[in-house]
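Asks: From Swiss-Prot, for reference:
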- ALA17, PHE18, SER19, GLY20, GLY21, LEU22, ASP23, THR24, SER25, ALA43, GLY129, THR131, ASP136, ASP194: ATP binding site (BINDING)
- TYR99, ASN135, ARG139, SER192, THR201, GLU203, GLU280: L-citrulline binding site (BINDING)
- THR131, ASN135, ASP136: L-aspartate binding site (BINDING)
Amino acid sequence: MSTILQNVPAGQKVGIAFSGGLDTSAALHWMKLKGAIPYAYTANLGQPDEPDYDEIPRKAMLYGAENARLIDCRAQLANEGIAALQAGAFHVTTAGVTYFNTTPLGRAVTGTMLVSAMKEDDVHIWGDGSTYKGNDIERFYRYGLLTNPNLKIYKPWLDQLFIDELGGRAEMSAFMTKAGFGYKMSAEKAYSTDSNMLGATHEAKDLENLDSGMQIVQPIMGVAFWKDEVEVKRETVSVRFEEGRPVALNGVEHANLVELILEANRIGGRHGLGMSDQIENRIIEAKSRGIYEAPGLALLFIAYERLVTGIHNEDTIEQYRDHGRKLGRLLYQGRWFDPQAIMLRETAQRWVARAVTGEVTIELRRGNDYSILNTVSPNLTYKPERLSMEKVAGAFTPLDRIGQLTMRNLDIVDTREKLAIYTRTGLLSPGQGTAVPRLSNDDETK
């Protein structure tokens, strides 16, 4: 039986994820007029562009909500954000610059916590503002049904009647004004923005054109570092981790993760740290483009990865990175709480993060330009005396290395025999002027 309702569920309670913006305001009032009983739920995710959270539920009641609740999701979001950092759950990168999956993390928290609040009010129909072309419609669908298996989904933007009557922002603004609310449509930006405490996403409209760059974006979590007139002074900052969790910035410990992340945002934001321009694959495989901000997570990740590489061996780091990319994709797809994601996350938290204790000192400059000045940890396996070129008591002797190299003869002989087999079968051809074989199609590429 379908869990998606295509018409207004008149006479029934409908929970709506309410942001206070024009879209959800018009949808809530429209549903009320069509006979539904709307309940409004607003997630406080520490959005940097939200000036007054308490005003949002009051708006919802004014527009016809039977009840309106503000759900503080910040502590949970902070915990999930640090879990993602510990596991390196970030798969979208361009030339080493990372997107920190801040929107998928926000959806995981919003989708579960709002639906849990709805269950408390005996509300089992949920609507939100996600469109059918995006990722969020699937993320919210999964998280909603994981939290409440009896949930039904009603999205006004999938209801043809709503689209016919209020198909655009101008129509919504006129509808609210006619209803006596005097709702003024805000000026259209050249892109849309979605944010939470961990980061901000700017996309759509002019940013869909690849000839429009980061320069058209007005950052909300930091400075426009690319502008010559914006002064950015170099700054030295220290980040301390204990068993994989960040605990102090510049020697100042913070009582909770929320406060620490907010302070990390302020520090990184002064430099425009963590901004990136990414082309990515949406869940439906179509490509989209976004400009991202995440100054705090970027700062913490620099320190965390420095400690990871100084503490763990190569094979552990390889597994951490491979699993992190897989976990990042699962997070992006709305599968953060699926068993396969929990397995990868728990492994990284237990066997990688728990050993990460120490402090990293970083010099921040402009944008993503930085230098690591010092790394201190009781768990470092980096020991310079082992490889020192000075005359010191080494961990091994020249004779030890001769023996190690001699043992390599076994696999070198095996490799030569395999190359000879490939040459006889025509896969390789003898190199010109060298004993090293060449691929048989090397000449064809010239």
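Glycine residues also receive a Cβ, built from the backbone N, Cα and C atoms like all the rest.
Thinking about packing and proximity, how do these listed features fit into the structure?
Replies: Annotation note: THR201 (L-citrulline binding site) sits in a strand segment as assigned by DSSP. Listed in sequence order, THR102, THR103, THR193, ASP194, SER195, GLY290, ILE291, TYR292 are the same-chain residues six or more apart from THR201 (L-citrulline binding site) with CB atoms under 8 A from its CB.
All protein chains included, THR131 (L-aspartate binding site) registers 11 other Cβ atoms within 10 Å of its own Cβ.
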Asks: Taking the Cα atoms as reference points, how far is ASN135 (L-citrulline binding site) from ALA17 (ATP binding site) in Å?
Replies: 16
Asks: I'd like the number of other C-beta atoms within 10 A of the C-beta of TYR99 (L-citrulline binding site), please.
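Replies: Taking all protein chains shown, TYR99 (L-citrulline binding site) has 25 Cβ neighbours within 10 Å.
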Asks: Look at each of the binding-site residues, GLY21, GLY129, and point out the one with the fewest other Cβ atoms around it within 10 Å.
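Replies: Least crowded of the binding-site residues GLY21, GLY129, by Cβ count within 10 Å, is GLY21.
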Asks: Round to the nearest Å and give the CA-to-CA distance linking ALA17 (ATP binding site) with THR131 (L-aspartate binding site).
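Replies: Checking the Cα atoms of ALA17 (ATP binding site) and THR131 (L-aspartate binding site) gives a distance of 14 Å.
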